[in-house]
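First the structure, in the form of structure tokens, and then the observations on it.
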Ligand SMILES: Nc1nc2c([nH]c(=O)n2[C@@H]2O[C@H](COP(=O)(O)OP(=O)(O)OP(=O)(O)O)[C@@H](O)[C@H]2O)c(=O)[nH]1
Ligand SMILES: [Mg+2]
């Protein structure tokens, strides 16, 4: 099965992190996620991160740094999540595609409400 390369952005304000709800009919639908999406051919991960966060949550990423790289096999799909912490941005994050969104404080984040691949992301954030 082919590996889907995904750019994922952790947008934080203090200890709050911006999260969005995946559409019911999407892969891992109904779970909360960190916004992001597939890296297209010819794009760098940073290009993809910038494009996806502009499309999905209406922000302009000014700087970001790598947080963690995760490979996960869902059985129906294999993903490589290239997770970056967004350290500077302009604009106010919102569910630009109509998706529900919320700021969640790190201490309240429940891994069970996120796709299984996200567990190490949430653990890594807790160590920062
Ligand atoms: N954006 C995002 N995707 C995640 C996370 N965790 C996780 O397993 N994924 C998986 O990564 C894959 C690609 O993400 P995506 O659905 O956002 O891709 P996309 O924006 O390009 O959407 P599209 O497929 O509708 O074009 C999905 O299979 C999704 O389940 C996460 O925290 N954020
Ligand atoms: Mg997406």
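Keep in mind that glycine also has a Cβ here, set from the backbone N, Cα and C atoms.
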TrEMBL 8-oxo-dGTP site partner of 22, 27, 33, 34, 35, 36, selected from 110, 118
118
Please go through the binding-site residues 22, 27, 56 one by one and keep those whose C-beta falls under 6 A from any atom of ligand 1; give the result in sequence order.
27
Count of other CB atoms lying within 10 Å of the CB belonging to residue 56 (Mg(2+) binding site):
21
Chain-mates of 22, 27, 33, 34, 35, 36, 118 with C-beta within 8 Å of site centroid, 8-oxo-dGTP
8, 20, 28, 31, 32, 114, 115
What does DSSP give as the helix, strand and coil breakdown of the domain 'Nudix hydrolase' (1-128)?
30 helix, 54 strand, 44 coil
